[in-house]
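Undergrad: Annotations for this protein, taken from TrEMBL, read as follows:
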- 15-251: domain 'Kinesin motor' (DOMAIN)
- Gly104, Gln105, Thr106, Gly107, Ser108, Gly109, Lys110, Ser111: ATP binding site (BINDING)
Amino acid sequence: FSTVTSSYPDKLSESVRVVVRCRPLNDREKAVSPEAVLSVEPQLCQCSIRRPGGQDDPPKQFTFDGLRGCRLDSRGLRDVTVWHRLSRSQGVTEGYNGTIFAYGQTGSGKSFTMQGVSEPEAQRGVIPRAFEHVFETIQCAENTKFLVRACFLEIYNEDIRDLLGNDTKQRLELKEHPERGVYVRDLSMHTVHGVGECERMMERGCRNRAVGSTLMNKDSSRSHSIFTLHLEICRTGEQEPCRKAAQKLCS
């Protein structure tokens, strides 16, 4: 299974929440061992794992903020508490930084959960759905101007590369600034005006990612990637300075 973690300021709950999404066995796994050792109880947000062949051993139980089983498509992530309350919230458009990232072992479905596929619509990933939520909120905002810029980087073998830069092979440096904090030097920023532009940039960057075959996944992404939306938010008719926020979408 893959795990999706969201981090947003939330006055009503903890700022970090964890959702587990379980995938079905693939053909290779079925050929090796068709026995399923994972069971889920979505209503309790709980999954149980038992040791293969250990019929008399009690299963190990784990509880999360949200859990979805093998038969659910990516639309179900919108109904999970963490996705509905945090990703659909206006946190980033109100000036709060936030992060949504997926982690898990090779072949667990991290890239598919975050990026998905364009068709069918039910299998669109978390990242394109986040684009939709951000721009839907922007369109509904009154007396507010937004500047949205995007960047897309990859961390591979401890090297940082700009997936949207002119030279995607160039190694970039991680720097620290007293006001900006930690940042990537010379990382390109691109102004975007809608969901379509963001999706095209994500597709362009994904073509530049490092991939390779493993026993678990023949098209495994051999790196970590971070797609970030940077927002500048200005209230019209007010004297207060513009606020800045970033939404990081990682896999």
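Heads up, the Cβ atoms here are built off N, Cα and C, so glycines get one too.
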Undergrad: Is it possible to get the count of other C-beta atoms within 10 angstroms of the C-beta of Ser108 (ATP binding site)?
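TA: Around Ser108 (ATP binding site), other Cβ atoms within 10 Å: 19.
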Undergrad: Go through Gln105, Ser111, our binding-site residues, and report the one whose Cβ sees the most other Cβ atoms within 10 Å.
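TA: In terms of Cβ crowding, the pick is Ser111.
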